[in-house]
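One structure is given here, and the rest of the page talks about it.
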């Protein structure tokens, strides 16, 4: 995997003047023998260990920032003249003023994220699953039913080993698997190993019947509507005789039906089947079915002193959480889910709620701006999924959420915020938690005022991120303010969050009196951070060990998203999203890679975040420090330090095989598109 490994000291060649590399504020202190220049860094990657030159690197700008501009933008920059892609059928420029005008703006030439070629020559699912029954659609089916024709157009296998076949003894994707050569017989049949191991079920999936009921709005939310009526009258929500109806009856359309028959045979147009969940049984009626739990009787969330992996949008998917669990994360939480999308039965949103069996303490995070949708969504999840807690997102800073009244905006809408917390707490049988920031504006802190109210409203735990919405990540987290908020929240436990990248940072955070710490960006940069904190040491992890972590993520992704073409490419894209996050955008001036001044820096220049422990002059590395250009101890470590998307794709090819033709990767959280 690293045949071109080479020792960095012999190749550095970028020592420069020793006086120019004194530690500067905001710059990671790296040992002199590893420092280099930007030009030498990219020359080293191109010259060492590459089997073929990358075409993507040839399209970058002279400064080496790999900025491949979209076609329409390049036309505007060059006043309508381009040197490439000109054909004899080119239309005169005067005939396209409208097209150029429509192309103005940002990312107008952005290609579709979801490729359309997946549906071409796709095999019918009835053949993939080896079902004995014929295709339900018959002649109207738009998929192929000829396996031989499918194999003629199927791309070559990506590798000789199938993760699903080797792990579970059978690959459910059969002939469509991109590693099918490992488990296909001489006649194309799907082989099965002896001693079949059943794949662990992933919980909290979306039932098709429930999805249809949500789309047709046939689900009734009696408990939520009752709580909302009480809140609108200024009353505190509480149990009433109407609330002592069994849980499964609340979803019924005909209240006169027998409860047992309604569960087993939900027939008829006016009847709504209860959603599938932990209470989907038909047996004797117990007190637990009839008597409503009081707030004091709820299961307590005792996670004090545990390491809490933050809900991370896009990157905090199920395979990544499995990686963090393996390194010692105690508590995990799903990605932020929008309550309206859940109530509409969107498959992509419900996928964020899935839970792997290894996640012993797991919660989901909801985002919403209005009490009715949040309370109804909480009641729906209380019936249908298995979680240990539900978290309210009051810390999301992005405009798309904030301008609709959700996320951080709830901190300034105390009346709505109170109704949301009280209403959700009333309909949930699991603890309710809240994640919030210090405030909306930089110098106007609001958290210390809200924490006592949240305690009275029924929140079981609050996590405080030590920054305001206005700050984003421009300044360090304010742990002094978090320490003040611990007293304001007492006796309710308060978790702290912000700038934890080493066990020293975690120890200082715990000295503030918080009940525990939540780790977000630090887990993305160093998934082994949980091990470092528990073992109180710095882990000088090698490049091969880091590649093994990425390989585990790829294997978990193939298990979760599938080993067919769609699953492989989805795994690759989420892997690239993770690798792209390891590179932040340096938008300010300051100091260059060898200490030189940068009076006019290029805005949005990518800078690598993580620096291996063995290369640092002093420990620990701070999360806000900008590493200079350096050469690692071998080629693979240097490749992992690259900020070019072409090098990220090269790493993905080590794990998932070559990328398909015309592959384009566009990071979701970056302003610029990289090809």
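Every residue gets a Cβ built from N, Cα and C, even glycine.
Any TrEMBL annotation is an automated prediction that lacks curation.
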TrEMBL annotation of region 'Disordered' - which of the ranges 192-221, 222-251, 252-281 it falls on: 252-281
Among ranges 161-186, 291-316, whichever one TrEMBL labels zinc finger: 161-186
Spatial neighbours of the domain 'C3H1-type' (161-186) far in sequence, C-beta under 8 Å, 6+ residues away: 123, 127-130, 147, 150-151, 154-155, 192-199, 555, 558-559, 562-565, 567-568, 657
